[in-house]
Amino acid sequence: STMRERKTTDPVHLSTDLSEGKEKLRLKREVGLISSVSLIAGTMIGSGIFMSPEWVLHHMGNPASSLLVWAACGLLAMFGALSYAELGTIIKESGGEYIYILRIFGSFPAFLFAYTSVILVRPAGLAAVCLSFAEYAIAPFYPGCSSPQVAIKCTAAACILILTIINCLNVRLATSVMNIFTAAKLLALLVIVVGGLVLLAKGQTQSFQNGFQGTTAGIGAVGVAFYQGLWSYDGWNNLNYVTEELKKPEVTLPRALMIAIPLVTCLYLLVNVSYLAAMTPSELLSSGAVAVTWGDKVLGSWAWLISLSVALSTFGSSNGTFFSGGRVCYIAAREGHMPDILSMAHVRCLTPSPALLFTSAMSLIMIISGNFTSIVNFFSFIAWLFYGITISGLLYLKIKKPELPRSYKVPIIIPIIVLMAAVYLVLAPIIDQPQMEILYIVLFIFSGVVFYFPLVHFKYHPHFLQKVTLHLQLLLEVAPTTKDAN
């Protein structure tokens, strides 16, 4: 059948067992603490810190309140991650929000999440990161003026196609690219931090005088400022997508979060201070690429290094986003919520090529139709809607099922704070400045009903879909995978 309940594995870490006369693809637990910290920090530090500062400042109205938003976003990401850590030690399966919603609330809401995530959220996140990569990659070719939109979109599309090839060819190549580019982005941020500290030591503090003057009071504007800031912290939940691959998840999961997220928060605050030391608020607001403008002012003839570093950083982050993008496809297909073809792996490369090709196609559509800011706002609305549902699931387990074994417990006040923040982030922009786009998003989420009842609930599988699946298997050279029983 085209959509059926099955046992599969994400072929990120696969081994082959030929002892029974046929090949089996199995999941390995080989992600340790250092790899876990690298995965979280490497995905979090992407395009946001190089693109979002001007938008946070724009919506908040002044430097001091924008820095408070950055600090609050870091704290909220930490609280959310700690809540997810407890969920990860109760439900020890990969799949993040999808598997938690499925196990706590049941099949229907989990399907709506998988449907929205696979078609909208993951491709939108990838499109936004690739657009920011393109902005920085071509900025040096257009000195003193904005880069044309056509050039930006074509470069972003080329980035997605290159990532598709890398990730479909070889898993080890994809992880190597992620590790190399993580080092590049940390180096870029450290250069900016050191440069900012030098400027502050020289007395360039005019941006911080009367820091709270003109602070925005509207709840919607503050909500949108949080969207832009939280976009830079997105990735705090990535470790929950690979729970089945962690060594000692009950220890590794909370420890990695407690190291990675405070590290990233401190870096982000110092980088923002550095931007404001080098530029006046009005200069920062008029900059299309904040880090490049900073480089022009501080590094002079060496400014090209910043463009290169930021392009490398965003490319690395987009690779990480793309790398984990097929995971919900896999887990959802395993549970019978997605077409069977999306749960298959290439027979020789052992990569999730159907899911990667699908994500790639959807991301290209997003790039053609949207821009960075609109994509981030709409991505954040959906993300926090489902974060809120997931956190409410944790509160349900804490209150109704306290007897469930869990090696890590978060104080109940923390998920309550995260849930309140999620409700605010979802409702504030709707109440303050209602937009038709949000209605379209909600309608899209519930359009999943059209597919859920015939295909999942009543298990109706049109015969032609089975033929399509078979032909795609032959064309893409993919086969079903088996989950490790251990």
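Glycine too: its Cβ is placed from the backbone N, Cα and C atoms.
Annotation source TrEMBL lists transmembrane segment at 31-52 (among others). Only residues 6 or more beyond the boundaries of the transmembrane segment (31-52), in the same chain, are considered here, and those with a CB under 8 A from a CB of the stretch are 13, 77, 128-129, 131-133, 135-136, 178-179, 181-182, 185-186, 189, 228-229, 231-236, 238-239, 242, 245-247, 252-253, 255-257, 259-261, 263-264, 267-268, 271, 289-291, 310, 313-314, 316-318, 320-321, 324, 372, 376.
The transmembrane segment annotation in TrEMBL covers 64-85 (among others).
If one looks beyond the transmembrane segment (97-118) by at least 6 residues along the same chain, the residues whose Cβ comes under 8 Å of a Cβ in the stretch are 87, 91, 237, 240, 328-329, 331-332, 335, 337-338, 342, 358-359, 362, 382, 386-387, 389-390, 393-394, 396-397, 444-446, 448, 451-452, 456-457. According to TrEMBL, the transmembrane segment annotation covers 97-118 (among others).
TrEMBL lists 154-174 (among others) with the feature transmembrane segment.
Under the heading transmembrane segment, TrEMBL lists 180-201 (among others).
As annotated by TrEMBL, transmembrane segment applies to 256-278 (among others). The list of residues near the transmembrane segment (256-278) in space but at least 6 beyond its ends in sequence, with Cβ under 8 angstroms from a Cβ of it, reads 33, 36-37, 39-41, 44-45, 49, 53, 63, 66-67, 70-71, 74-75, 77-78, 81-82, 84-85, 189, 192-193, 195-197, 199-200, 204-205, 207-208, 232-233, 236, 239, 284, 290-291, 294, 297-298.
Residues annotated as transmembrane segment in TrEMBL: 298-317 (among others).
Look at TrEMBL and you will find 354-372 (among others) tagged as transmembrane segment. Within its own chain, the transmembrane segment (354-372) is flanked in space by residues 51, 118-120, 122-124, 126-128, 130-132, 135, 149, 153, 156-157, 160-161, 163-164, 167-168, 322, 325-326, 329-330, 341-344, 472, 476, 478, which lie at least six positions past its ends and keep a Cβ under 8 Å from the stretch.
Sequence-distant contacts of the transmembrane segment (378-397) (same chain, six or more residues past either end, CB-CB distance under 8 Å): 80, 83-84, 86-87, 90, 97, 100-101, 104-105, 109, 113, 116-117, 120-121, 124-125, 128, 227, 230-231, 234, 237, 404, 412, 415-416, 418-419, 421-423, 425-426, 429, 437-438, 441, 445. The feature transmembrane segment is assigned by TrEMBL to 378-397 (among others).
Positions annotated as transmembrane segment by TrEMBL: 409-431 (among others).
According to TrEMBL, the transmembrane segment annotation covers 437-458 (among others). When Cβ-Cβ distances below 8 Å are used as the criterion, the transmembrane segment (437-458) is approached by residues 3, 107-108, 111-112, 115-116, 120, 336-337, 374, 378, 381-382, 385, 429-430 of the same chain, each at least six residues removed from its ends.
Using a Cβ-Cβ cut-off under 8 Å and counting only residues 6 or more beyond its ends in the same chain, the transmembrane segment (409-431) has close neighbours at 76, 79-80, 82-83, 85-86, 219-220, 222-224, 226-227, 230, 377, 380-381, 384-385, 387-388, 391-392, 394-395, 398, 438. Cβ atoms under 8 Å from those of the transmembrane segment (298-317) belong to residues 42-43, 45-47, 50, 129-130, 132-133, 136-137, 139-140, 159, 177-178, 180-182, 184-185, 187-188, 191-192, 195, 199, 278, 289, 291-292 of the same chain, restricted to positions at least 6 beyond its ends.
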